[in-house]
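The block underneath contains the structure these notes are about, expressed in structure tokens.
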Amino acid sequence: MKLPSNASASTTCYANTAASLGYWQFKHFVLTCMGWALEAFHTMVMIFADRQPDWICEPDSDCVSAVDVCGLQPGTWRWDGGSGISTVAEWGLICGQKYKVGLVQALFFGGCMIGAGVFGHLSDSKLGRKGSLTVVCILNAIFGLLTSLSPNYLTYVILRFLTGFSTGGVGLCAFVLATEPVGPSKRGMAGMSTFYFFSGGIAILAGIAYIFPTWRALYIASSIPSLLFVFLILPLISESPRWYLIRGLPGEAMSVMRSIAVTNGRFLPENVYVSRDEDANHGGDRKSNELRSCEAVSGSVFDALKSPVTQIRLILVVGINFTCSVVYYGLSLNVVNLETNLYMNVVVNAVAEMPAFLFTAILIDRFGRKPLGVGTQWFSGIFCVAGSFLGGKGAWKVVRMVCGVLGIFGMAGTYNLLFIYAMELFPTVVRNAALGCATQAAQFGAILAPFVVVMGGGLPFMVFGVCGVVGGFLTFYLPETLNKPLYDTMNGMVEGENEILA
């Protein structure tokens with residue numbers, strides 16, 4: 001998006017208002033990224049709701065607490081905390097029925113796959129970024145509250161699938177809406193900071209689960225924040241001016257730009273107007289540019305596949321997100337137990353990822369997206385491969401654990417980096433659709449990760465290591481986007497890339 005004018009001072013004014021991280025962008029970023037915490041609530045609630053609780057023997061029974069519960073007679077034991085403590089306890093999802101717990105998780109991520117594609121397209125077209133975020137948050141609240149009323153397992157599975165459908169669009173829409181108004185010099189740092197809200201949401205969820213130990217109460221408590229976000233936070237958030245522009249609404253885009261300028265203590269002259277990059281590149285007077293900008297431009301993932309520039313980018317981004325997700329979720333499930341209570345485990349795992357976010361945030365604008373993406377994936381892959389050759393007993397068990405922790409450290413940094421990298425690779429008109437495809441690939445990887453983990457021994461580490469190395473090689477073929485502008489249209493990107501090559 002460019003702001004042409006008849007005076008050079010206008011360009012300077014734009015640089016000082018829109019292409020930076022002033023107070024307006026900072027407030028907008030923080031409020032919008034709260035949606036990431038909501039995604040963490042609806043995704044990770046399964047850790048507590050679907051857990052297998054402890055069990056105890058009934059008094060005066062021949063039950064032996066050291067044996068497996070599957071070998072005990074009914075009536076000789078009971079769940080510690082009652083049957084309402086989790087779905088496993090209420091519906092007896094143990095022994096031969098244990099697979100049903102994994103099925104719920106797989107279907108939830110399957111819903112995320114579908115939702116990411118649907119809302120990725122809608123946020124680029126009719127609903128916009130803010131509109132799509134509003135819809136998915138309302139749906140999350142409704143499906144989450146209904147889940148707490150599930151009378152049986154089948155209803156629970158269906159509602160979790162629907163929750164996954166809406167959850168798949170939350171982080172996607174929140175990320176693009178939060179980072180599009182941020183200028184190139186600060187976009188990397190801002191984009192890398194979004195995952196702090198996701199990890200923070202996981203830690204907060206652990207506290208909520210501790211206060212509300214039964215699974216039905218937990219679903220209610222974790223769903224209400226989505227309603228609060230819709231009614232208290234979203235009214236304070238503006239729609240992306242870039243989306244306004246590609247939808248042929250330059251007046252609304254200019255209104256947001258002037259709001260940014262006023263809030264940041266700057267001033268935009270009256271002779272400044274907004275136009276899409278391809279319109280500004282074609283030249284012409286102000287009236288002709290404004291008329292062209294009033295024409296809505298739409299796009300879909302098929303447009304991204306048709307263009308030689310974005311086609312290979314989309315294929316590579318999908319492949320990288322898939323391999324990264326297999327490693328990230330796989331290592332999260334495969335990591336050695338910290339031998340403390342469940343709530344503390346979740347908090348520690350969430351906090352342990354934050355140093356990786358800080359590390360990549362500091363280096364992203366110094367070394368660029370591409371070298372950091374390759375380096376973090378290979379860092380993770382090398383330690384995973386090393387862990388596959390180590391034994392699982394004695395001191396080697398500890399060394400393997402360290403390899404796993406270092407592997408997830410590297411991949412957590414990659415996961416964070418991929419969002420900002422993928423966002424910069426595509427123009428506004430197809431940005432959310434492309435990110436939706438990438439998110440779908442990541443959710444598919446999340447579905448497969450548990451099946452890799454059940455292989456046991458050193459084989460999962462080898463699979464994770466190979467995925468990390470392959471992902472690093474794929475990243476080699478992506479272009480660097482450091483300090484490059486965000487393009488609005490497909491033609492604008494092609495022309496801009498040709499100018500750079502020239």
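Note that the numbers count up from 1, one per residue, in the order the chain is shown.
Including glycine, each Cβ sits where the backbone N, Cα and C put it.
The model shown is predicted, which means the values in this text are computed figures rather than measured ones.
Annotation source TrEMBL lists domain 'Major facilitator superfamily (MFS) profile' at 28-483.
Annotated transmembrane segment per TrEMBL: 101-120 (among others), in sequence order. Residues of the same chain lying 6 or more positions beyond the ends of the transmembrane segment (101-120) and with a Cβ under 8 Å from any Cβ of it are 43, 46, 50, 52, 87-88, 93, 127, 132, 135-136, 156-157, 160-169, 172-173, 301, 432-437, 439-440, 443-444, 446-447, 450.
Sequence annotations record features per position, and here TrEMBL assigns transmembrane segment to 132-151 (among others).
Nonlocal intrachain contacts for the transmembrane segment (157-178), taken as residues 6+ away from its ends with a CB within less than 8 angstroms of a stretch CB, comprise 28-29, 32-36, 38-39, 42-43, 46, 103-104, 107-120, 123, 129-130, 132-133, 135-137, 139-140, 143-144, 146-147, 150, 190-191, 194, 198, 237, 239-240, 419, 423, 431-432, 435-436, 439-440, 443. The transmembrane segment annotation in TrEMBL covers 157-178 (among others).
Taken from TrEMBL, the feature transmembrane segment covers 190-212 (among others). Sequence-distant contacts of the transmembrane segment (190-212) (same chain, at least 6 residues past either end, Cβ-Cβ under 8 Å): 21, 25, 29, 33-41, 44-45, 48, 171, 174-175, 178-179, 182, 218, 220-222, 343-344, 346-347, 349-351, 353-354, 357, 360-361, 364, 412, 415-417, 419-420, 423.
The feature transmembrane segment is assigned by TrEMBL to 218-237 (among others). Here the transmembrane segment (218-237) has long-range neighbours at 27-28, 31-32, 34-35, 37-38, 41-42, 45, 48-49, 130, 133-134, 137-138, 140-141, 143-145, 147-148, 177, 205, 208-209, 211-212, meaning same-chain residues at least 6 beyond its ends whose C-beta is under 8 angstroms from one of its own.
Positions annotated as transmembrane segment by TrEMBL: 314-331 (among others). Outside the transmembrane segment (314-331) by six or more residues, the chain places 301, 304-305, 373, 377, 380-381, 384, 404, 407-408, 411-412, 414-415, 418, 421-422, 425-426, 434, 437-446, 448-450, 452-453, 460, 463-464, 467-468, 470-471, 474-475, 477-478 with a CB less than 8 A from a CB of the stretch.
Annotated transmembrane segment per TrEMBL: 343-364 (among others), in sequence order.
Residues annotated as transmembrane segment in TrEMBL: 371-392 (among others).
For the transmembrane segment (398-421), the list of distant contacts is 175, 179, 187-188, 191-192, 194-195, 317, 320-321, 324-325, 327-328, 331-332, 334-336, 352-353, 355-357, 359-361, 364, 369-370, 372-373, 376-377, 379-381, 383-384, 386-387, 390-392, 435, 438, 458, 461, 464-465, 468, 471, 478, 481: same-chain residues at least six beyond its ends, Cβ to Cβ under 8 Å. What TrEMBL records for 398-421 (among others) is transmembrane segment.
Summarising the annotation, TrEMBL assigns transmembrane segment to 459-478 (among others).
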Name the range, of those listed as 132-151, 343-364, 459-478, that has the largest tally of Cβ pairs under 8 Å with the transmembrane segment (371-392).
459-478
Mind checking which residues of the chain, 6+ beyond the ends of the transmembrane segment (343-364), have their Cβ under 8 Å from one of its Cβ atoms?
44, 47, 188-189, 192-193, 195-196, 199-200, 202-203, 205-207, 209-210, 332, 335, 337, 372, 376, 405, 408-410, 412-414, 416-417, 420
